[in-house]
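Peer 1: Have a look at the structure that comes next, please.
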């Protein structure tokens, strides 16, 4: 891993290089996606079945698009019972954490008869997209379904592509059932997103669509935004480890590689106050690379976006972490809690030597769907907030409105909105005339 | 106002007509906006000054782009002191309501040494766009600035176009200062949005941009989304009044018109259980139209998107209100609180005869930036939530990780992410070998 001394200039260069990973040159797929979305919007099921035949090679129709009780039973038979055990243990933690994020309606009344409040309600229907392909991530199913379930969403509709044989991965089905998905449909790609956004004869229209996907899925989500809500579009994974010389280079190197293995666009960055420590971590990385199964991906990812950055002071190191605003941030220093207080931007913060990042991916409870690519400066982890909405509540008594009605009339007239002023005025016409 | 009996079919037709107001055919401006955004991103101040000359006819440079203390003093001299009084009274209510929306960081620790939490932080810098043109809405300045201020945003940067004379409307400046904006720059349109998103020599880069604007502003916000966060793009205003025969038709008609006056795309809908009441409201509307200054706009808006819908039962009326998901919903029935409990979708809910909609626009306290065009099914009013972000916090002790480390390894291996498994395994290698 390249080691660089942090200066104003090197920091700027690193930040610029990282931002190259932003999704771009999407243009060339946009027309194809727009056509799929329009076709599904207009021709519904017929279009969905046709695309599924063309792209997934599967014969899907109104009779077999929905995953059946029998298929689910079959999936349970095929999944390793000890994996099911682990899924259930993880679910306890994930639910417990998200329960703490719940919001409640409130109101506040005053002696003059006014009442103001906020009514919090879950979205009615949510679509969860689960990718097919080679990588099967049941953990991602849990992380997308549980916050919707905890929020109280009535209906969680999952869609995922099936194989040529019309089957869905057993671990995907089992994770979906354990997490609480209500219905599962065998459709993937842009056609699945369009079906969820507009509804078809078989697939219900939803209010929001979440979940990761390839570029077609991402563009389709962008295209239907406004008709429905969507989650933010995830970029490649990232880890930043903030460490001083007290950290264990053997552990830190392993943690950096755990994110670098995701794909060639992933980024693994060490920011440390010790050049000696940076060198040790680089050595450890070389050692691991000889044994890990995904070492080819890791090597490319480290060459592209891997750095060991050496800072003069811990404050400079912290400032760099805040500027990069990493998806995952590990703090492995002598006083990690003190450092955490100074962190302003990160998706998830892992504190101390035994809070290794994969603990958060699978087990601890907080969501693993996190803001990437510097967006932790303004975005948050997926959570219960993403599946609720608020309505303001306003109640004024006659007396309360009377007290302030002239103020409202004046404000409305200053904005030249005379019908606004009129709607208040008509309620007190007689009294005001008699004044 | 046309009166229609509610059936499955008429409801469908009304919903389809309302959705015609969705922003579309934006395409033709997209290239122009993309060019402005790129030019400002590359040439910064120079591009901003050039566009301001071209579009606003004003000579703006690094020396005069930022509103000065002297200009603010001048604005205070020009604003009607009684309007200033009203603004200050409204601000007390707006702040008090938004204070109740504040979120706090939390953590939860367990005897086994684990700690999970959520760190809540304000965004660092926020841009508030305020349109120029004929309509000057100081109330909108308050509603966009206050939630950011209450959230604890360090720097609130406002931009607004100036006149040919380089001046900004006094009431805009006064509202901005009273609400707590930190800096104000004289730039409007797509060039203002690009400047806030990427920063220039004069204008600081922000993390999020909020505030209404014309089509160029809306498209520029869409173009910079991802580099920064944005609020949702507002559609035309709407009111839905849910009333039974106990309501006062004189008041209800006035309230419907208060939204219809906004523009020709605005929508005013009465849903009632009484045909007789619907007729009375229509009569009242005709009466008002003879006197109101904006009656031409109102007539067009009512012709396009105004309806009196007559339901057989209150439950049917409520269901229709939930389907339409109006920005503003007034409930004027014998038991308005009971009806409110059954409302699932609305931006703001006004309860009873004296909670007239303009009370919420100016004075009561809840935000008047609300979801439009049916998006209240999944979006919420602007609030403190829009100006904060969360980071997850994870801390496990050695003992706590040891207890579950094999579960994580198994889950990671089931997903074929071997470097994930490795990062947990290396921490307990020796002990596991000795088992």
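Using N, Cα and C of the backbone, Cβ positions are placed for all residues, glycine too.
Quick paste from TrEMBL:
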type	residues	note
ACT_SITE	A:327	active site, proton acceptor
ACT_SITE	A:328	active site, proton acceptor
BINDING	A:129, A:191, A:214	NAD(+) binding site
BINDING	A:237, A:259, A:262, A:328, A:361, A:415, A:420	substrate binding site
BINDING	A:259, A:262, A:361, A:420	Zn(2+) binding site
Peer 1: Could you check which of these recorded positions, A:129, A:191, A:214, A:328, sit within 10 Å of residue A:237 (substrate binding site), going Cα to Cα?
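Peer 2: Of A:129, A:191, A:214, A:328, within range: A:328.
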Peer 1: Select from the binding-site residues A:191, A:361, A:415, A:420: which have any Cβ-Cβ contact with chain B shorter than 8 Å?
Peer 2: A:361, A:415, A:420
Peer 1: May I ask for the distance between residue A:129 (NAD(+) binding site) and residue A:361 (substrate binding site), taken between their Cα atoms and rounded to an integer number of Å?
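Peer 2: Distance between the two Cα atoms comes out at 18 Å.
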Peer 1: Using residue A:327 (active site, proton acceptor) as the reference point, find which of the binding-site residues A:191, A:259, A:420 has the shortest Cα-to-Cα distance to it.
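Peer 2: Result: the closest of the binding-site residues to residue A:327 (active site, proton acceptor) is A:259.
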Peer 1: Go through A:262, A:328, A:420, the listed recorded positions, and name the one with the sparsest Cβ surroundings, counting other Cβ atoms within 10 Å.
Peer 2: A:262
Peer 1: Could you tell me which three-state DSSP class residue A:129 (NAD(+) binding site) falls into?
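Peer 2: For residue A:129 (NAD(+) binding site) - judged by DSSP and reduced to three states - the answer is strand.
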Peer 1: Roughly how many Å lie between the Cα atoms of residue A:214 (NAD(+) binding site) and residue A:262 (substrate binding site), rounded to a whole value?
Peer 2: 14
Peer 1: Counting other CB atoms within 10 A of each CB, which of the binding-site residues A:191, A:214, A:237, A:259 comes out lowest?
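Peer 2: Fewest other Cβ atoms within 10 Å, among the binding-site residues A:191, A:214, A:237, A:259, is found for A:214.
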Peer 1: If you count other Cβ atoms within 10 Å of each one's Cβ, which of the recorded positions A:327, A:361, A:415 has the most?
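Peer 2: Of A:327, A:361, A:415, the one with the most crowded Cβ is A:327.
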Peer 1: Around residue A:129 (NAD(+) binding site), how many other CB atoms lie within 10 A of its CB?
Peer 2: 26
Peer 1: Among A:129, A:191, A:214, the annotated NAD(+) contacts, find the widest CA pair distance and round it to a whole Å.
Peer 2: 13
